[in-house]
Amino acid sequence: MSGKAQQQSRLKELIARGREQGYLTYAEVNDHLPEDISDPEQVEDIIRMINDMGINVFETAPDADALLLAEADTDEAAAEEAAAALAAVESDIGRTTDPVRMYMREMGTVELLTREGEIEIAKRIEEGIREVMSAIAQFPGTVDSILADYNRIVAEGGRLSDVLSGYIDPDDGSLPAEEVEPVNLKDDSADSKEKDDEEEESDDSSDSDDEGDGGPDPEEARLRFTAVSEQLDKAKKALKKHGRGSKQATAELTGLAELFMPIKLVPKQFDALVARVRSALEGVRAQERAIMQLCVRDARMPRADFLRLFPNHETDEKWVDSVLKSKPKYAEAIERLRDDILRNQQKLAALESEVELTVAEIKEINRAMSIGEAKARRAKKEMVEANLRLVISIAKKYTNRGLQFLDLIQEGNIGLMKAVDKFEYRRGYKFSTYATWWIRQAITRSIADQARTIRIPVHMIETINKLNRISRQMLQEMGREPTPEELGERMDMPEDKIRKVLKIAKEPISMETPIGDDEDSHLGDFIEDSTMQSPIEMATSESLKESTREVLAGLTAREAKVLRMRFGIDMNTDHTLEEVGKQFDVTRERIRQIEAKALRKLRHPSRSEHLRSFLDE
C-alpha cells in the first residue's frame, strides 16, 4: 500500500471513530494526522473540514448532554471525500524543500504566548539566574571580587552600570500590561519607505546596550552592597571559627546567598564569575582524568572498580594502600604507578587549599550552578521560539536592501535573543513591544554592515538616509530633483560634504551586469581598459623595436651591447656606467667613451633616418 493510501486509510479511521463516538478530541485528531502537517493554519483547516462533516471537535471528551445537543449524521461518501481532501492537503505541504517554508512550518508548531505566559517564563528565567548567583555566592572569592569592583567604582566616580544592571527580587507582584499602541508591521502606507528610513536612522543611532533608563539607583545599590559586605564578614568569621560544614557557617552562607542572588550583574561580570567557578571544576576534572588513565588504561584496573573505589578519596594519599589490601590482579601495576597517582592527588589537595573548598564541594557548587543555567536556558528558548513570528513580520519590511530574507530573519533572531536577556516584565510592557526595537535595530545594523560591497560606517548610513528622505521631500515640493546647493541649505551642511555623501551613496555595479536582451553582452564589454594599448600603438611599438634592432646590428658587438645595457633595450632595466664597466672589466670612463662613439655612429644620416620617422610621430 502506498504512503498516500495509508494516510487516507488512517483519516477514514479517524472519521469513522468520530461517527461512532459522535465527537473527536484534539488529541485524537493530532494522533491521526500525517507527520508532515505541523502548521497551525493547516490543522485548523482540517478541523474545520471535520466540523463541516457534522463531527464536532472538543478539547476534552464532552458529557452526554453536550453530545445530544451536537449530534449529527455523516455518510460514507462524505467520509471518503474528506479523507481524500485531507490527504491532498498533506501532499501539498509535505514535499516542500524551500528553506523559508520549512522554517515557517516548524515555527508554526509553537503556540503564541499570552501576557501571563510571558510573565511566567520571565520568572523562570530570573529563578534560574538567582540559582546561579546563589551557587556563585558559595564559592570563596566571588563575592569579594564584586564588592571590590563596586568600591572601586564608588571611589573613582565610575558608572554603576559597569557592575550591575538591576535587581531580580523573587516577588510575585507585577504591573499590568500597559495599553501600548501596537506597532504597525504592515508596509501599506504611501510614505512607508520614509518611515522605514526614519526608523532605521533612529535604530542605528541608538546605543546597542542602552536600555533608556538612568541605570541602577546609587542609594539602593549602597544599601544592598553594604548588607552583602556585612553578611560576608559574618560568613568568614563563622567559617574560620566553626568550619564550612558547621550549622553556623551553613546558615551564614545561606544568608549571604539570599542577599547576593537578587543582584543582576552585567554579562561581563556574570560570565567572569561563572568562568571562575568553572575553572576550579576543570582543574579537578583534569587531575581525576589523569588518575583514571593511570589506573584504568595503564594498570588495567576495571573502570567499574575505579568508579566504585575512587570517589570521596580524591585527596586521600592512603587510597592506593586501601586498593592493594584486597590484592587484586592489577595490584602490581598499581604499585608501580603509586608515585604518579600520589602526585596527581597532591595536585588536587593543592587545588582544594587554593580555593578553600573540598573536591566534593566544588562539584556540588558547579552542579547547582549548572541546574540554574539549564533552567534559565530552557525558559529563554521557550520565549524565543514563541516570538519567532514577530521577527518574520519585522524582517519583511527590510527585504530588497542587500540581504537575503533568511539572513534578515537570523539577524532579527539575534536581536530577539538579546531582548529576552534584557526583558524586565515588572515594567508592565508586553514582551513584543520591547523586543520590536531590539529586532529592528539588529536587522538595520546588519544591513548597514553587510549589505554593501564596500562597507560604509553606520554614522554615514544615517546621513545617507537623512539625505534620501529630504531629497524625496524636496522632489515632491519642487517637482524636480534638488541640487546639492539646495540640499545643503535644507540640511545645514556644506555643499562639498553633500557632494561627498552623494558620491559615497552610489552603489557599485557588477561588471557582469547584462546589457540589453542579449545575455552574451555584459557591462564590462563596454568599459574602456586604459591599461591596454590600441592596435595602432602596438603596431608602432613593434615597428620601433624592429628598427632599433636593425640599427644596432650595424654597430660592433661591443658597442651594441653597451648601448643595450645603458638604455635597457630588450632588458628589464637600464644600467649605470659602473655596472656596465664591471661587465666588460673596464673603467666607467672607457664605457662612456664607447657609448659616445656608438651614439655618433647612430646619428649618421644613413642610420638615423630609420628612426627619425618615429621621433616625428
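For all residues, glycine too, the Cβ spot is worked out from N, Cα and C.
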Swiss-Prot annotation (DNA-binding region) - matching range among 297-316, 537-556, 577-596: 577-596
Listed range which Swiss-Prot flags as motif 'Interaction with polymerase core subunit RpoC', given the options 43-46, 407-410, 567-570: 407-410
The region 'Sigma-70 factor domain-4' (551-604), counted residue by residue under DSSP: helix, strand, coil: 37 helix, 0 strand, 17 coil
For the motif 'Interaction with polymerase core subunit RpoC' (407-410), mean pLDDT (0 to 100): 92
DSSP residue counts for the region 'Sigma-70 factor domain-2' (383-453), split into helix, strand and coil: 56 helix, 0 strand, 15 coil
